[in-house]
Amino acid sequence: MSVIKMTDLDLAGKRVFIRADLNVPVKDGKVTSDARIRATIPTLKLALEKGAKVMVTSHLGRPTEGEFKPEDSLQPVVDYLKNAGFNVRLEQDYLNGVDVKDGEIVVLENVRVNKGEKKNDPELGKKYAALCDVFVMDAFGTAHRAQASTYGVAEFAPIACAGPLLAAELDALGKALKEPARPMVAIVGGSKVSTKLEVLNSLSKIADQIIVGGGIANTFIAAAGHNVGKSLYEADLIPVAKELAANTDIPVPVDVRVGLEFSETAAATEKAVNEVKDDESIFDIGDKSAEQLAEIIKNAKTVLWNGPVGVFEFPHFRKGTEIISHAIANSDAFSIAGGGDTLAAINLFGIADKISYISTGGGAFLEFVEGKVLPAVEILEKRAKN
């Protein structure tokens, strides 16, 4: 993917506008999960080291355009950066210009409060562009949205480039999907086939094997002719599951863990996949299945992981996801993981340092895997050509 990279540019004395993803959870004015801020800090440090006049902005939550409310403010992010040792201030009224001193970071208030942000109003894009000499797109998590701060500004800024985070994300996804080392194994979990159908279709053309988990696996179990009892599955997508299974190596679990109700205290019973009763629900794969899948992962050279294989939030139905998580962690394969539940599992099992690349994007990650063009990346490619 040919985009200009921030790392290659001379930024000395230049006004640099960084679109980051600082959309973090906030409670009582305090940041409760700082992962996205921590991921952005190296970009901010690099811009300062290069002698740039640094502005950074992001969306936060879902504010109403044109109506600023205190709970929509990036102030908690500013407080976090101050505590991390940065010379930083918040600018609320910036669309007509902002003065940035050497060595300081100016955080521009929540972009989604600006009228025209979401619909990519070109006039707003031009106002953002007028603030800078260089626009840096570093928010992979919003790269699938063509908005004024992700697309419009990139059209009109003198130079538009990819920040280190975005560049790393594109490199990692390209490595996993464009020319993967083989065998390539994809793990796709989640509650519904319908929400991951395009992902499954796209991966069926790339992966040597697809491991399915969660409610998705239940639909494949039903497609293989087994009773799934009261399990979450999609009867109308059984023909689709059969077609995918006929054209791709998708191993169906040989054993499962079932319960009588969806609750943390429900007793778990392990049994063969063909022994599920009408009043039971499948909430996890069994030990034999987990070990078989771990063996597949062990032999892989590329692993793409999106979604757990069971209800890992409940201790009784955690083991399948735990075994697979450790198989990925202990594998020599290039591994890339993405999606909220996947990140929660990675944190739960303490394996973050053993995954080659952890994607910061949810929807953008899935759309890239589906083979879709990400608008914010497309405009950077166009600008690189010109």
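In case you wondered, yes, glycine gets a Cβ from its N, Cα and C as well.
Binding of ATP is annotated in Swiss-Prot for K196, G339, G340, D341, T342; the matching candidate from E169, E313, E378, E381 at the same site is E313. For the substrate site, Swiss-Prot gives D21, L22, N23, H59, L60, G61, R62, R112, R145; the one candidate out of R36, R38 that the record lists there too is R36.
When Cα-Cα distances from G61 (substrate binding site) are compared across the binding-site residues K196, G339, T342, the shortest belongs to G339. The Cβ of G340 has fewer other Cβ atoms within 10 Å than any other of the binding-site residues G61, G339, G340. For N23 (substrate binding site), the count of additional Cβ atoms within 10 Å of its Cβ stands at 19 [all protein chains shown].
Straight-line distance linking the Cα atoms of D21 (substrate binding site) and G340 (ATP binding site), rounded to a whole number, equals 15 Å.
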